[in-house]
Amino acid sequence: MSMSIENADVTMEKLPDTTGAHGDAQASEPKPKESSTLNPAMKLSGWRLVVTLPCIFTGMFLASMDSSIVSTALVTIGNEFDNFIQTIWVVLGYLISYMTFAMLWPRISDLVGRKWSFIAATVCLLVFSLGCGLSRNLSQLIAFRVLQGLGGSGLYSLGNMVLPEVTPNSWYSFMIAMQGIMFTLAGVLGPLLGGIVSTETTWRWIFYLNLPPCAVIAVVMAFSWSENKPAKCFKERLSDALDYDFVGITLFTAASCCLVLGIQLGGSSYAPWISPDVLGLLVGSVVCGALLIIWNQRLNAASGKSTSVQPLFPSSLLRIRLVSAAFILCFLGGFNMFVAIVNIPQRFQTVHHDTALIAGVRLTPFLVSSALGSVASGMVCARRNWTFGILLTSSSLLFVGSCLLMSSSEGNSSAISPAIYVYQVLYGLGTGGILSGTAYVSGLNSSYRDYGLQSGILSQARIFGGCLGLVLSTVVLNETFRTGLGSVMSVDQVDRLRQSLDYSRFLSPEQQAAVSAAFVTAFAWQFRMAACAAGLGMLAACTCWTRHPVSLQKRLEIGEMIAKGQMSVEEGDAAVRNDSRQRAKAIKGASV
């Protein structure tokens, strides 16, 4: 659930490498250059710890909540700006920016320090949230949302990097539990607050809500966080910060943005799929993706030899079966999560004519069950490594929930069946279990030195999956409008309806019924896509099976020893692998 791609300081992380215990090939990678920009001893205590931790968690909470808080207000925003179809970019703009800049903030913190980087991210979120609230048209709102994502990505990625640094080792379990609770609360409260605010006041207060807590965080952190002096001079820190795969992140961002833009433009009414703009974007995405693969392979081969730059996607991670499967599952989980967060309340508002508040309330079963699924799977994994069973069960629940939600669109579109809330619960339990379970699988089976890196890639996969889910949902809605309304409405009427759903009040009863039917059909197709993604997730979950899972307790014990300097990373890796072999022999001997 973290959003950071961070340096592998052995004092920061807790989980060493154990991939050899699974029979997966462990590449012999050259040891990366250690980042020692900051002194290892950064643990806080006393009042500084008590004051600083709530500020970090609050910043991460705001960054997480901003990704979903607008979901129940999109119809209201679209009606005000007369551009309903393009409101999806209010969500997409934030997510794409979030995904991109989360990779850069850790490098900035290496240069200027964790404290002032975190404060800078807080100020960014404050300033651009104000800009979102003051926007006078949709273009301004989307632009400020992109910039708001800059601050949000910094708060979350730096928060995940800083927490292990400032928290005492004895507080590790508490820190992990609080991260899960924070992420869960953000997911539950976001759509509900968005619905309440946009119904009772104006949607602009969705963004104004960030201003007071951000101001408090910036001031309190400036005085409470006592940061050690850098262990290196500025020139050395700048050299370390520049040893980053900027080419890789540029190609990854270009490929992602071109793909999302191309699909969204091709599925709109503004350009056909065969238009030069759409084809250019899609071809550009393929070219950038191919160049990224080639560049990443060359950089993996040269890393530690002819260059000190570390690749964006190290082969030491991608060659581990369980970690790669976790990345795929998290991508698919993010796809399903954002499809539900945006489209379920949109159905209640457009088909059943609920207010944003009521739509948010009707989404509660999904939000609460998702939170429960995440917490429950985390508790089970903390006691015993049952990640395979959790992921397979969660993906199965998600598949069943998707199919049931898809089938709920059949029949009378004006009636709300109570069963839809049960379907949301199944869908939510599956989503929460996948997002939590993949964090455990990836963390337990990646190299200790790559722990922060895998956490960041995992989060980027979730966000990228969410972006694709949202843009494909928009394509489905546009196509349904084009095919389902053309026989009862003129082209001008359909275009005016795309701009503002309030226009449906001026349509005839027959046309209004056709509009509701079109939304119901689109909803069915959107969750048909979700069911396909969940089905692929079940296949990916099957690849997470291993005969003797890693012992979480043993990894934590050895992680403590590494953090205290009693054991090197390589020695810790070997110790955990040896523990897995010994447990496997003991189990085999007992069975005989």
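Glycine too: its Cβ is placed from the backbone N, Cα and C atoms.
Heads up, TrEMBL stuff is auto-annotated, nobody curated it.
For reference, TrEMBL has these:
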- 52-528: domain 'Major facilitator superfamily (MFS) profile' (DOMAIN)
- 15-39: region 'Disordered' (REGION)
- 84-104: transmembrane segment (TRANSMEM)
- 116-136: transmembrane segment (TRANSMEM)
- 171-193: transmembrane segment (TRANSMEM)
- 205-225: transmembrane segment (TRANSMEM)
- 246-266: transmembrane segment (TRANSMEM)
- 278-295: transmembrane segment (TRANSMEM)
- 322-344: transmembrane segment (TRANSMEM)
- 356-376: transmembrane segment (TRANSMEM)
- 388-408: transmembrane segment (TRANSMEM)
- 420-442: transmembrane segment (TRANSMEM)
- 463-481: transmembrane segment (TRANSMEM)
- 525-546: transmembrane segment (TRANSMEM)
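Counting same-chain residues at least six beyond the ends of the transmembrane segment (116-136), those with a Cβ under 8 angstroms from any Cβ of the stretch are 56, 59, 62-63, 66, 105, 108-109, 144-145, 147-148, 150-155, 158-159, 162, 204-208, 210-211, 214-215, 217-218, 221-222, 225. A contact between the transmembrane segment (388-408) and the transmembrane segment (278-295) is absent, since fewer than 3 of their C-beta pairs, 6 or more residues apart, lie under 8 Å. Long-range contacts of the transmembrane segment (463-481) within the same chain: residues 3, 67, 85, 88, 91-92, 95-96, 98-99, 256, 259-260, 263-264, 266-269, 330-339, 342-343, 494, 497-498, 518-519, 521-522, 525-526, 529-530, 533, each at least 6 residues beyond the stretch ends and with a Cβ under 8 Å from a Cβ of the stretch. Averaged across the domain 'Major facilitator superfamily (MFS) profile' (52-528), the predicted model reaches a pLDDT of 85. Non-local neighbours of the transmembrane segment (420-442) in the same chain are 1-2, 180, 184, 322-323, 325-327, 329-330, 332-334, 336-337, 340, 344, 362-363, 365-378, 381, 385, 387, 390-391, 393-402, 404-405, 408, 454-455, 458, 462, 534, 537, 544, 552; each lies 6+ residues outside the stretch with a CB under 8 Å from one of its CB atoms. Residues 44, 47-48, 51-52, 55, 58-59, 62, 66, 69-70, 73, 115, 118-119, 122-123, 125-126, 129-130, 132-133, 148, 166, 193-194, 197-198 of the same chain sit 6 or more residues outside the transmembrane segment (205-225) yet have a Cβ under 8 Å from a Cβ within it.
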